[in-house]
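So that you can see what the record holds, here are the features copied from TrEMBL:
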type	residues	note
BINDING	T51, V215	pyruvate binding site
ACT_SITE	Y142	active site, proton donor/acceptor
ACT_SITE	K172	active site, schiff-base intermediate with substrate
Amino acid sequence: MTPRKKLQGLVAATITPMTPDGQINLSVIHQYVDYLVSEQNIKNVFVNGTTGEGLSLNTEERKELAEEWVCQGKDKLDHVIIHVGALSLTESQELARHAAAIGASGIAVIAPFFFSPTNKDELIAFLQKVASEAPAVPFYYYHIPPLTGVKIRVEELLDGIKEWIPTFQGVKFSDTDLLDLAQCINKNERQQFAFLYGVDEQLLSALAIGANGAVGSTYNYLGQKTNLMLQAFAKPDLALAQKYQFLIGEFLNFVIKLGFGVAQIKAIMTSVSGIPMGPPRLPLVGASEEFVAKAKAKLNSIGWPDGD
């Protein structure tokens, strides 16, 4: 891996494979890495985040997954970003130290959301305490207010953030507030931060205002198609980029109406890749056979511009 290479482009929010009885299944990670690289043209991953059920895993499980992704990604992946956020500060610090020790390309932290920060200073204090445990590792803030309820604007958070967190490198921005994202990009252009968008069905909108790339679950199985959208946007061929975004949105709109979450993502990935992702961990329950059949049929029915 090349940890100092700038993080940009597509980043797959990795799924945590599990056995039928709900234990993490490390044995398929090597196959998962090869699939992302060869079939989806994805060379960056975000481990133990929302898609990976990170907050439903215990500390040892999260460490084991981080180790396996770093190990299997060696010389194959450009970036292995480990999400180390937790409700407990000491747990998050422990995970940060571990990520640094195993050679992760970066760490990311979600805002704690039970006893949660109510202003910028409280959030910065928490993030700084975690980042300081991995002082040589690039640090990213994982902004996802729909799940955390922490609605502190990133524009405000980034003002002077390097003074508190010298390793700060960017944001995983999983919110639909494009005004906030645009202000972040506009005000921090000289800082060379990475602004990675996390709402897959709106990625083209984020690219138009300057996002560097994206972190998302769909890049596990639609990475190749989304990469073609990025290429079209860069040409620029906006009409072609729009076509890809519309078709990706058509699929997501379809499955969202059926009920779409981590369990369903795992089922789709199993169906598309052939890699057994297993069930989710309770309180989530597995996707129904009816959902899998309908989602697979819809995905297969889409007429992509490249003819696949």
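Note that Cβ sites are derived from N, Cα and C of the backbone, with glycine treated the same way.
Unlike curated records, TrEMBL annotations are generated automatically.
Within the same chain, residues at least six positions away from V215 (pyruvate binding site) with a Cβ under 8 Å of its Cβ are V11, A12, A13, F46, G49, K172, S174, L196, Y197, G198. Taking all protein chains in view, 26 other C-beta atoms sit within 10 angstroms of the C-beta of Y142 (active site, proton donor/acceptor).
The separation of the residue listed as 'active site, proton donor/acceptor' from T51 (pyruvate binding site), Cα to Cα, is 13 Å.
Just so you know, the Cβ of K172 (active site, schiff-base intermediate with substrate) picks up 28 other Cβ atoms within 10 Å once every protein chain is counted.
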